[in-house]
Amino acid sequence: MNPAISVALLLSVLQVSRGQKVTSLTACLVNQNLRLDCRHENNTKDNSIQHEFSLTREKRKHVLSGTLGIPEHTYRSRVTLSNQPYIKVLTLANFTTKDEGDYFCELQVSGANPMSSNKSISVYRDKLVKCGGISLLVQNTSWMLLLLLSLSLLQALDFISL
């Protein structure tokens, strides 16, 4: 086997085993705000996952939020971040055509051999869809699991019939 292929295969296995692989990056509009959902694996036992949201516009990188790079001052007042175990949600307030470009979500596990994973999405205001109610609910699925378990319990106790 080619040594380069062996190294690439080993690195991809290590990246997945380290548990910080970005699985998807989606964008949508909530009122006039851009919402970026960066879903990722999380098999780490501590908070060693570092992240960065950035925008590349006109061949220039602008860091919006994160622990890897220094966020630009012009975005700090417009950005909010929700950080949960399997999803990081960045909201950019008052999204305009000046904010269009390629958005990136990068995750990195710190340590002796830092590994990183990223996804990108091209965002244009006239192509954005409105965020659906169901995707807002998916951010925190624990209440849905509780609801399903409660329905089963109520059905078992004959309080409701489905």
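Just so you know, glycine gets a Cβ as well, placed from its N, Cα and C.
Copied from Swiss-Prot, the annotated features are:
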DISULFID  CYS28-CYS131  disulfide bond
DISULFID  CYS38-CYS105  disulfide bond
CARBOHYD  ASN42  N-linked glycosylation site
CARBOHYD  ASN94  N-linked glycosylation site
CARBOHYD  ASN118  N-linked glycosylation site
LIPID     CYS131  GPI-anchor amidated cysteine
MOD_RES   GLN20  pyrrolidone carboxylic acid
### Task
Starting from the Cα of CYS38 (disulfide bond), work out which of the recorded positions (GLN20, CYS28, ASN94, CYS131) are within 10 Å.
none
### Query
For the recorded positions listed here, GLN20, ASN42, ASN94, ASN118, which shows the highest count of neighbouring CB atoms within 10 A?
GLN20
### Query
Out of CYS28, CYS38, which has the highest number of nearby Cβ atoms, where nearby means within 10 Å of its Cβ, if these are the disulfide-bonded residues?
CYS38
### Task
Calculate the distance in Å between the alpha carbons (Cα) of ASN42 (N-linked glycosylation site) and CYS105 (disulfide bond), and round it to a whole number.
15
### Message
Nearest by CA distance to the residue listed as 'pyrrolidone carboxylic acid': which of the recorded positions is it, out of ASN94, ASN118, CYS131?
### Response
ASN118
## Note on the structure
Counting other CB atoms within 10 Å of each candidate's CB, the least crowded of the disulfide-bonded residues CYS105, CYS131 is CYS131
### Query
Near CYS105 (disulfide bond), meaning Cα within 10 Å, which of CYS28, ASN94, CYS131 (recorded positions)?
none
### Message
I'd like to confirm something. Which of the recorded positions, CYS28, ASN94, CYS131, has a Cα closest to the Cα of ASN118 (N-linked glycosylation site)?
### Response
CYS28
### Query
Under a three-state reduction of DSSP output, how is ASN42 (N-linked glycosylation site) classified: helix, strand, or coil?
coil
